[in-house]
Amino acid sequence: MSNKKADSKPQAKYPVNLLDTPFPMRGDLPKREPQWVEDWEARGVYEKIRAASQGRPKFILHDGPPYANGDIHLGHAVNKILKDMVVKSRNMAGFDAPYVPGWDCHGMPIEIQIEKRFGKSLPAAEVMAKARAYATEQIEKQKVGFKRLGVLGEWGNPYKTMNFQNEAEEIRALGKIIEKGYVYRGLKPVNWCFDCGSALAEAEVEYKDRTDPTIDVLFAFAEPEKTAHAFGLAELPRAEGGIVIWTTTPWTIPANQALNLHPEIVYALVDTERGLLVMAEERVEACMKDFGLTGRVIARTPGEKLANLRFHHPLAAAHPGYKRTSPVYLGDYVTTDTGTGVVHSSPAYGVEDFTSCKAHGMTDSDIINPVMGDGRYIESLPLFGGLTIWDANPKIVDALKAAGSLLRNERYAHSYMHCWRHKTPIIYRATSQWFAGMDTQPAGGGKTLRETALDAVDATAFYPSWGKQRLHAMIANRPDWTLSRQRQWGVPMAFFVHKETGELHPRTLELLEEVAKRVERQGIEAWQTLDARELIGDDANLYEKNRDTLDVWFDSGTTHWHVLRGSHKDQLQFPADLYLEGSDQHRGWFHSSLLTASMLDGRAPYKGLLTHGFTVDGEGRKMSKSLGNGIDPHEVANRLGAEIIRLWIASTDYSGELAISEEILKRVTEGYRRIRNTLRFLLANLSDFDYAKDALPAGQWLEIDRYAVAFAAQLQAELLAHYEKYEFHPVVAKLQTFCSEDLGGFYLDVLKDRLYTSAPASPARRSAQTALYHVTQGLLRVLAPFLSFTAEEAWRVFQPQSDTIFTETYYAYPEIAGAEALIAKWTLLRDVRGDVTKALEEARTANRIGSSLQAQVEVRASGARYDALASLGDDLKFVLITSAATVVKVDAQGDESVDVAASTYPKCERCWHYREDVGAHADHPTLCGRCFSNLFENGETRSAA
């Protein structure tokens with residue numbers, strides 16, 4: 001460079017190293033993202049990731065299947081993007097982390113769609129064919145939506161619960177749990193939807209407010225003498241009266257068969273204008289007020305003394321068909337919070353009622369069960385036959401009144417069970433169903449299903465940790481699992497049952513395997529068309545095909561069997577490392593998967609469970625059509641970019657509710673721009689840098705460059721620890737701070753002078769570029785799991801010879817000698833710089849200086865601050881971005897200060913520094929000596945910055 005002096009002539013404009021990059025400032029995301037999606041598919045990027053990951057330890061995130069019905073909504077986007085971030089971050093952490101997406105394909109919602117389109121009278125074979133076609137069409141539609149969000153996975157070979165192999169394996173799983181002795185058939189009250197005409201799983205029930213009649217009903221004394229003795233009386237002072245119950249379901253009264261009292265609650269005999277009334281003593285005052293009566297307690301007794309007393313059915317006077325009595329059974333579940341402390345018991349329509357009546361010797365055939373599957377009473381029911389239970393409610397109230405049994409009738413607003421699909425009220429209804437027994441021991445002995453599942457919960461890692469207690473409580477308190485459904489489009493419970501006894505065929509296990517083989521070839525349709533004689537010969541005279549299908553929660557709940565160890569066993573493995581779903585899946589997929597794996601394997605199918613919250617608007621309200629506050633992910637992707645949705649999800653603490661609004665998206669977009677601008681600066685300043693030829697070893701870097709790389713490496717270690725625990729929002733927060741403050745607000749700000757004004761190939765500039773290269777290598781990789789489109793776009797500019805960033809692992813930064821001490825020193829220097837910046841700002845406000853380069857500063861410092869500042873020598877001015885800087889030692893911290901003065905020297909046209917040597921070379925009157933040297937001689941020497 002020394003021979004340049006000969007060529008030096010005055011120039012109209014002196015060159016600086018201002019470089020450009022094909023990485024644009026504007027992301028133009030809605031236009032460019034779909035091109036990346038196409039590019040990834042065309043070049044087989046997912047397959048390349050798999051090839052690059054081969055032989056590494058596996059990490060399996062098992063996809064909880066969305067239902068193959070309808071467009072994807074924001075909740076889907078949250079779920080799929082979180083999964084994508086987990087999978088990408090695990091791949092980059094050095095695992096082989098495949099992602100096989102899946103779909104739940106059977107069940108009611110699809111049947112409803114087929115009914116809507118084609119009516120209810122289609123033959124079964126046509127329902128099946130149309131349901132398969134519909135599910136396929138929905139899957140393709142959803143698949144496009146998921147890919148548009150930047151989610152990479154095995155889209156060409158997803159799992160579907162309706163694939164023949166999966167259907168067959170599900171039947172085999174059923175065979176296994178029968179073999180282990182968990183399955184039984186019984187009459188039991190189950191959640192029943194009249195519109196579905198089927199039992200519902202717990203997860204298919206939601207609660208909504210509704211108003212129902214609330215009535216207090218008198219059951220007249222049937223055994224007055226025994227009642228008197230129970231109360232310690234010789235006889236009752238009068239014959240009229242009885243025991244009083246309170247209910248919000250008048251429709252259950254025709255099926256009443258018992259009364260429940262708490263053994264330890266004290267019951268009172270109250271003398272009133274309506275006769276003698278029996279109720280809990282602590283409810284007397286409230287009830288008298290409600291009934292408009294005055295009453296006097298004449299005797300008291302604990303509930304246990306009233307056990308087995310009988311009272312007349314309250315409709316006995318209305319119709320001879322109700323001339324029966326109801327016995328008193330004791331139950332610990334009776335409370336005195338509301339009502340009378342007496343519960344009327346219709347065992348066909350309440351779980352506790354059923355359990356209590358069965359415990360007192362009632363058989364299935366004794367149970368009165370007049371409500372049919374469509375919600376109507378059987379025709380033979382006295383007074384109300386043929387009516388729906390809802391239409392019958394007011395008529396039952398009228399009949400009770402006419403019979404003299406009604407004490408009070410009001411309307412009552414309460415939270416009540418509804419079908420999640422039809423949004424209509426449901427009931428408990430005793431039906432003959434197939435169950436998995438929660439308190440059943442397996443055939444070979446050992447722990448019950450409930451005990452095994454609770455142990456499995458204890459052995460599982462939960463993110464966030466409160467999920468453990470929630471799932472534990474659900475398993476501890478849940479009833480037996482109703483496995484059967486009364487539908488067509490579902491995997492059959494392919495049993496042959498005895499026409500008279502209902503017993504399973506003795507060869508059931510062998511027959512299930514035969515059916516599974518046929519289903520493997522032809523799908524579940526094979527069972528529909530099967531003639532029983534083909535498999536059981538003349539036994540077909542005694543046995544018939546069971547018509548029930550499996551609960552769809554069994555379909556998805558056995559994917560650990562028919563996907564992880566079935567259709568996709570080559571890609572996946574059991575148990576999965578992680579299941580990741582919304583918090584509603586504690587009673588849904590997490591729950592059913594846990595129960596099936598506990599039955600099949602005696603353990604959970606997952607090592608960890610991650611739960612995310614639901615989306616709400618900016619005011620914390622749930623998204624709903626009525627509020628009009630829903631946000632469509634397609635619309636946001638097409639307007640702002642899927643990257644903005646991804647960044648919003650990554651930056652939100654998903655363990656709670658995820659708030660979204662236009663204001664929030666605006667803030668996210670601004671945050672995105674800051675990151676993008678940082679990347680653009682890095683790429684532009686590396687555009688003339690070839691690492692192989694131009695990089696310097698760390699020992700030759702300037703001190704601030706060593707600090708920057710040491711700091712970036714330390715930050716990366718923190719980020720990877722967050723990634724390992726699936727904590728994304730701290731990753732985003734720290735990276736945004738890194739880009740805006742550590743890089744933009746400090747390091748890159750200091751670096752600009754050296755990058756722009758040093759000779760292009762000078763050691764000072766190459767030192768800066770080498771550091772920037774390492775920072776960019778690291779930064780793009782830690783951004784890639786959530787800013788996938790942007791990281792890939794930047795990577796193609798940065799490393800054009802590389803196929804994709806997603807085959808990379810996290811960057812191994814070069815070792816920096818004394819990194820810890822270096823970071824501590826520069827943290828101190830940045831602290832001082834903050835004080836100087838403040839002083840410069842005050843001087844600017846007072847119009848003493850224009851830009852900071854117009855200033856010369858004197859920093860008075862003590863102790864370690866002085867040592868750190870003094871060690872920079874003349875380079876201190878570059879760190880403070882002033883034209884001159886001196887440091888003066890003082891003894892005490894209290895004497896420290898920053899003095900700012902305006903420079904009296906002229907301004908260099910090229911570097912904008914105010915220097916005494918501007919114009920020192922007559923041929924270049926507007927250049928300072930530093931710029932002259934950098935342009936025409938050997939260039940300035942720097943050591944620190």
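Backbone N, Cα and C atoms are what each Cβ position is placed from, and that goes for glycine too.
What Swiss-Prot says about this protein:
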BINDING   Glu581  L-isoleucyl-5'-AMP binding site
BINDING   Lys625  ATP binding site
BINDING   Cys908, Cys911, Cys928, Cys931  Zn(2+) binding site
MOTIF     66-76  motif ''HIGH' region'
MOTIF     622-626  motif ''KMSKS' region'
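On the structure: features taken from Swiss-Prot.
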residue: Glu581; record: L-isoleucyl-5'-AMP binding site; DSSP class: strand
residue: Cys908; record: Zn(2+) binding site; DSSP class: coil
residue: Cys928; record: Zn(2+) binding site; DSSP class: coil
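For Glu581 (L-isoleucyl-5'-AMP binding site), the nearest of the binding-site residues Cys908, Cys911, Cys928, Cys931 in terms of C-alpha separation is Cys911. Sequence-ordered, the extra residues of this chain that approach the Zn(2+) site, with Cβ no more than 8 Å from the Cβ center of Cys908, Cys911, Cys928, Cys931, are Thr757, Glu909, Arg910, Trp912, His913, Arg915, Val918, Leu927, Gly929, Arg930, Phe932. Here the motif ''HIGH' region' (66-76) is broken down by DSSP into helix, strand and coil counts: 3 helix, 1 strand, 7 coil. Cβ neighbour density within 10 Å is lowest for Cys911 among the binding-site residues Cys908, Cys911, Cys928, Cys931.
Mean pLDDT for the motif ''HIGH' region' (66-76) in this predicted model: 93. Secondary structure of the motif ''KMSKS' region' (622-626), assigned with DSSP and counted as helix (H, G, I), strand (E, B) and coil, comes to 0 helix, 1 strand, 4 coil. Taking the Cβ of Glu581 (L-isoleucyl-5'-AMP binding site) as centre and 10 Å as the limit, one finds 20 other Cβ atoms among all the protein chains shown.
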